Every structure is written in structure tokens, then in C-alpha cells.
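One structure is given below, represented as C-alpha cells, and several questions about it will come after.
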């Protein structure tokens, strides 16, 4: 089924790269992609420092390895998801089935909402662990990386929440039903409809009847005489 639906035009229409790049949804995906790199990049590079008691490495977030792993997993997941959904946006115009478009929008809506929540959890988790981190030489060296991961986790909450709102707007937009009305009108153009029956033009006198609710008036009622003057 072809038609304008879920924020896109007819299937097979040419995609304008300039207008596509200027779309708010595209800009939000690129921003989320950059934010994800700014989260897992510092944690991978500088998030593990030497422990004070030995040469082993420990996570800069209060020595909690789970905090570093959670931040890296969130960032990598957002990184690959932004690339995948950006490619889906490019191919969305070529999807001719309204059902497939609806599934793509629902997938975008569900994933964006889930990742917004996970970014909120990650921001709170990293902030809490950083506040509990004891000062030390290794902590001071990786302080900028920890703060960058926390800051861009907060920015990721905003960008993914905005992507959720955009996906919800596309889902509510749904299908342009005026297109289907146009198709119905086009399909019914060649149909003929029966007209009213037409008579021969000569009507007999027996076809006419007296008007209803009329009575014959008797000008001389029985039992009544006209007085003579």
C-alpha cells in the first residue's frame, strides 16, 4: 500500500539530502551519536586508574567496575543504535507498506524511550559513585574524564527524550487518510448509477386520483329548508 504515512511521503519518492540533513530528527540522532562517544570514550581511555594499594587497575568511579561497564555499555548501545536508526530514516521513504512503516516507528519509539530511561539511570549511578570516590593521585588524573562522562550522560537524556517525542509525534500522525479518499474517488469515476424511472410521456386519466382528505360538499343538506322572505 503506497501513500503518505507516518511523516513520510509516497513510497519511491526522491530523498533530498539537504532537507533530510536539516530535519530535527536527523540532527538529534547525530547529537546523540556524538554524546555516546563522549561517554564511553573517556571511560575506556581514562576510566581505569592504578589502585593505591597495588599495580592493578580499578574504575575511577569509586572503584566500582560495574559503573564503568554500565557507562561503556550505554554508550556503545547508543552509538550503534544511532547509526542503525539513521540508516532506517534514509530507507524509510522507500518502505511502501503502511504496516512496515508503523512497525519502524514503534521500534523507534520504544527504543528511544527505553534508552532515555537508561541514560537517566546511568547519570544518577555515575554521579553517585563519583561523589563517593575518595581523592587520590589516580582520581585526580582521571577527574576530567569522569566529569565528561557524567555531563554527556545528562545531555544524552535530553537528546533521547527529544527523539522519543519526535517518534511519538510520527506515530500520532499516522496515515494520511485523505489519500485513500482520493483513491476511492478515482476508482469510482467510471461507475454509472441507475437513474429515476422515466415514463412514456402519456399518462392516462385513471392514473390521477382525487386529492386526499377531501369530501363532497352537499349544497342542500337533508332536513333543512331555505326560509322564504
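Here the Cβ of each residue, glycine as well, is placed from N, Cα and C on the backbone.
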Of 89-108, 109-128, which span is tagged transmembrane segment by TrEMBL?
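It is 109-128 that TrEMBL annotates as transmembrane segment.
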To which of the residue ranges 148-168, 169-189 does TrEMBL assign the term transmembrane segment?
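Going through 148-168, 169-189 one by one, TrEMBL flags 148-168 as transmembrane segment.
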Looking at 7-25, 26-44, which one does TrEMBL call transmembrane segment?
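Matching range for transmembrane segment: 26-44.
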